[in-house]
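If you check TrEMBL, you get these features:
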type	residues	note
BINDING	8-13, Asp33, Arg38, 86-90, 127-128, Glu161, 272-275, Arg342	NAD(+) binding site
ACT_SITE	Cys272	active site, nucleophile
DOMAIN	328-452	domain 'UDP-glucose/GDP-mannose dehydrogenase C-terminal'
Amino acid sequence: MVKICCIGAGYVGGPTMAVIALKCPSIEVAVVDISVSRINAWNSDQLPIYEPGLDGVVKQCRGKNLFFSTDVEKHVSEADIVFVSVNTPTKTQGLGAGKAADLTYWESAARVIADVSKSDKIVVEKSTVPVKTAEAIEKILTHNSKGIKFQILSNPEFLAEGTAIQDLFNPDRVLIGGRETPEGQKAVKALKDVYAHWVPEDRILTTNLWSAELSKLAANAFLAQRISSVNAMSALCEATGANVSQVAFAVGTDSRIGPKFLNASVGFGGSCFQKDILNLVYICECNGLPEVAEYWKQVIKINDYQKSRFVNRVVASMFNTVSNKKIAVLGFAFKKDTGDTRETPAIDVCKGLLGDKARLSIYDPQVTEDQIQRDLTMNKFDWDHPLHLQPMSPTMVKQVSVVWDAYEATKDAHGVCILTEWDEFKTLDYQRIYDNMQKPAFVFDGRNVVDANKLREIGFIVYSIGKPLDPWLKDMPAVA
């Protein structure tokens, strides 16, 4: 029986291994992590992450051929294939601070594998890592190998949160990079055979190690670039009276471009886009390619510009001050159907409003008060370290209250900011919300989810990203 072990029970490791266990009943899969609370959660009815469909998959396999354990050494030493799916945060100090990936957790995982292995193993990098990581890991393993042979493969994940289980069941492609040696190719085939249980052969792509590592960074950079492109256009649309939805639709009908990822918004978020682009920038700089680095940096600059533009629009519309005004924030996760807040644009928007002394009332159907408070007090890249290494529950932000209902959030508010495109925000009773707000009542739609004309009929002053401006807003220029 083939045994697989995955180090790291997070957003990638947990769902990926659960699906492998479901699709390959003949393979024993163990997910290990040093965090006891996280493993306990995976073994309970309340899984540590929310992902549609994940619950059912885990419950079907858990205890049969899917196990969650803190006994890292036992499962690593027994495994034939070891996936490494640990955090790779952006460094905050030292060489490459603010851009380079911090490979501390990766390196310690590699050393554990070297220490406890008694048989040959295939080691698979599943975390998003900078190009040439495999080479570094290979060195650690070979120098500590005690005669045991390791083959390193790169198998980047391309999951989108909110649809991760669907993406795993029916992937666009599975990418496996390995050494172009007989042993390397044998390892590639072994991993290919696992995926071939349910993925059609023509969707399993094999490349060399570096191509696989770079493909993941490149894919995320291209996606983020599309969002920044349409967001840059949204600013121009507002200035000229064009409608960004119409422009994006017209552009997207070109089959060479396609319609996906062309929704203007308050900005992109998520654990990977910014991190991967910063990583790409750093790799370009290290390889003497400043022009290429500068090109990709611009994608992040536009994203930051979009968030600050939104905050400025809110403040400028409300007589240039939000001091002590209650503002409702609907949605805090970085996109709908996930409770994930990593790098969500809501953090910078809320911080911007708090900087102008606003009082915030926040509602998100999937994000806890504890998480929101942590996000608003944490330093920029702290979120990407394991929970037990993050700063302990920080001081609460007093001007922030977290409520469990959109009507409660908007009661007595001067303005409403919609920062996540949850479906329920489309069907709220906006007449009821308007009646319970201070006047003039503002809606700032950062996701273009509401029908602006209907809201204007009720009496709201509405700002939608990239749409022709309300007469009220035209008189109040948004200072950039």
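Positions of Cβ are set from backbone N, Cα and C atoms, glycine also.
Just so you know, TrEMBL annotations never went through curation; they're auto-generated.
As the structure is a computational prediction, the values presented were derived from the model and not from experiment.
Here the features listed in TrEMBL are placed on the structure.
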{"residue": "Gly8", "record": "NAD(+) binding site", "Cβ within 10 Å": "26"}
{"residue": "Tyr11", "record": "NAD(+) binding site", "Cβ within 10 Å": "21"}
{"residue": "Asp33", "record": "NAD(+) binding site", "Cβ within 10 Å": "24"}
{"residue": "Asn87", "record": "NAD(+) binding site", "Cβ within 10 Å": "18"}
{"residue": "Thr90", "record": "NAD(+) binding site", "Cβ within 10 Å": "20"}
{"residue": "Glu161", "record": "NAD(+) binding site", "Cβ within 10 Å": "24"}
{"residue": "Cys272", "record": "active site, nucleophile", "Cβ within 10 Å": "25"}
{"residue": "Gln274", "record": "NAD(+) binding site", "Cβ within 10 Å": "23"}
Calculate the distance in Å between the alpha carbons (Cα) of Tyr11 (NAD(+) binding site) and the residue listed as 'active site, nucleophile', and round it to a whole number.
-> 12
The rounded CA-CA distance in Å from Glu161 (NAD(+) binding site) to the residue listed as 'active site, nucleophile' is 11
Across the whole of the domain 'UDP-glucose/GDP-mannose dehydrogenase C-terminal' (328-452), what does the mean pLDDT come to? Round it, please.
-> 90
What are the DSSP helix, strand and coil residue counts for the domain 'UDP-glucose/GDP-mannose dehydrogenase C-terminal' (328-452)?
-> 42 helix, 19 strand, 64 coil
CA pair Cys272 (active site, nucleophile) / Asp33 (NAD(+) binding site), Å rounded to integer, equals 21
